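A.B. asks: Sending over a structure as structure tokens; questions will come in a sec.
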Amino acid sequence: MNQGKIITVSGPLVVASGMQEANIQDICRVGHLGLVGEIIEMRRDQASIQVYEETSGIGPGEPVVTTGCPLSVELGPGLISEMFDGIQRPLDRFQKATDSDFLIRGVAIPSLDRKAKWAFIPKLSVGQEVVAGDILGTVQETAVIEHRIMVPYKVSGTLVAIHAGDFTVTDTVYEIKQEDGSIYQGSLMQTWPVRQSRPVAQKLIPVEPLVTGQRVIDTFFPVTKGGAAAVPGPFGAGKTVVQHQIAKFANVDIVIYVGCGERGNEMTDVLNEFPELIDPNTGQSIMERTVLIANTSNMPVAAREASIYTGITIAEYFRDMGYSVAIMADSTSRWAEALREMSGRLQEMPGDEGYPAYLGSRIAEYYERSGRVRTLGSQEREGTITAIGAVSPPGGDISEPVTQNTLRIVKVFWGLDAPLAQRRHFPAINWLTSYSLYQDDVGSYIDRKQQSNWSNKVTRAMAILQREASLEEIVRLVGLDSLSEQDRLTMAVARQIREDYLQQNAFDSVDTFTSFPKQEAMLTNILTFNEEASKALSLGAYFNEIMEGTAQVRDRIARSKFIPEENLEQIKGLTQKVTKEIHHVLAKGGI
């Protein structure tokens, strides 16, 4: 422990002298109030401290005391369904302890409840050899999540004691005799520094798709479990709704939602909606698998930087248990702005648009902690972290540094488009500018698993949309009637794909989520219409006759998005109906 004195205060940056025994990344208690801060720069005996609380009223001469520990999170039972701030203070218990709706400064509250008792069930017995990552036992944390208590990193040896029963997170529940003869006493909780990634046995190639229930994502721009995706877009384009939809319906075990510098009412929406929503995979409330980290725009700027690391560290902990985790960061632009502010106050050389020169490496550090891994431990298990980051470029300009540095790292780009949003086409993901580098892997995985020709259907549908884009210029100049019959059909089918398939209502109880079998059935119907109508045109039928003769079935295809999942056979039955009606047009002599 080292004690120094404040010499200058500049917003969230405090400079203290007499800190020669301190280290970079040490946590400090700043001033008489004991505000939480982290050392981010050392120059001789002077330390620059990033303070995670409001610094007004703090002045030169006040003491600074280091703890000798880096910024760490507590990992154990009690994380799920909880809401933390950027440095893992539990907001509901904070409010009860301080009897205030605001964050009172200098209040220290443990992240995990020290009074709550958890029923621990051992999985190993005394005398067994254990290594780091082995699962010692389980705690049923929620109806959905079984919390697996693991041997901490760098601990191994012989299990000499393990107890069943109800314990708090600080009670000793097991003892391990290590190779040097010392006894390690372990509890249900462990701590981990947030800026250090948790070790794994092996990184694996992600191949299994993350099913989100959003048709434009799952069909054209899929992300894998263990992948990384970016959602850039201007204000009002629907970034937050896309993130909420994925958090609600993604086929993962755990969701960690980090509200980083965005509006407080967006976190309020999450708190209001999530407890009422039922997870289609488990039948339980979605809050039973969710951890919320709220660091809204009216909270201290410096804590935004910590909130992203806090979220990804909690995600790594659940990944190490063998779970698939999705982490949503909304938005990484606000996090980058916090980096820019601290860099400016440190008087560092600025890079593009005032952001620090190390912006790219910091963004890479975050996204590279995602992935599919084989975890530590003698038991074989895999875990995944899927990282999805919203980016809010000013004015929707994706050439700005945060977006460009993000695109260098992630493999999926869901580009939200202001003109689409203005036309009320949601999700406003532009199918011409977005991309997914996982498309081939996911397509072959689905073809193999479902024994279907999915990747071919996706390619055909995208080709129709691209053909429509190339014809639009001609239509604007000389009108739709000047096109050939085949091109008019292409325009009609493209409109069907856009309006009846890609457009999706997040606030409709049925349309908000579409399972993969339903997506395939809907797309098959549209492509069957295109194929059969093309054949009819080649046999001499007129385009207008085909459209009039199939008006009823096309209307049913358009309404199929509102057919519940349990009535899937109704959608599949439309394929034969399409063929039948087009043959009927030919038989009537629509030539």
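Any Cβ shown, glycine's included, is placed from N, Cα and C.
Annotation comment: Swiss-Prot describes Gly233, Pro234, Phe235, Gly236, Ala237, Gly238, Lys239, Thr240 as ATP binding site, evidence class sequence analysis.
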A.B. asks: Inside 10 Å of the Cβ of Ala237 (ATP binding site), count up the other Cβ atoms and send me the figure.
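C.D. replies: Around Ala237 (ATP binding site), other Cβ atoms within 10 Å: 26.
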A.B. asks: Counting all other Cβ atoms within 10 Å across every protein chain shown, which of the binding-site residues Gly233, Pro234, Gly236, Gly238 scores highest?
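C.D. replies: Of Gly233, Pro234, Gly236, Gly238, the one with the most crowded Cβ is Gly233.
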A.B. asks: Determine which residues of the same chain, besides Gly233, Pro234, Phe235, Gly236, Ala237, Gly238, Lys239, Thr240, have their CB within 8 A of the center of the CB atoms at the recorded ATP site, and list them by sequence.
C.D. replies: Ser392, Leu416, Ala418, Ala421, Ala428
A.B. asks: Could you check what DSSP calls Lys239 (ATP binding site) once collapsed to helix, strand or coil?
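C.D. replies: Once the DSSP labels are grouped into three classes, Lys239 (ATP binding site) ends up as helix.
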A.B. asks: In sequence order, which same-chain residues at least six apart have a C-beta under 8 angstroms from Lys239 (ATP binding site)?
C.D. replies: Val231, Pro232, Gly233, Asp330, Ser331, Ala390, Val391, Ser392, Leu416
A.B. asks: Validating a neighbour-count step here. Other CB atoms within 10 A of the CB of Thr240 (ATP binding site): how many?
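C.D. replies: Counting Cβ neighbours of Thr240 (ATP binding site) within 10 Å gives 20.
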A.B. asks: For a quick check of packing: other C-beta atoms within 10 Å of the C-beta of Phe235 (ATP binding site), how many?
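C.D. replies: If we count other Cβ atoms within 10 Å of Phe235 (ATP binding site), we arrive at 12.
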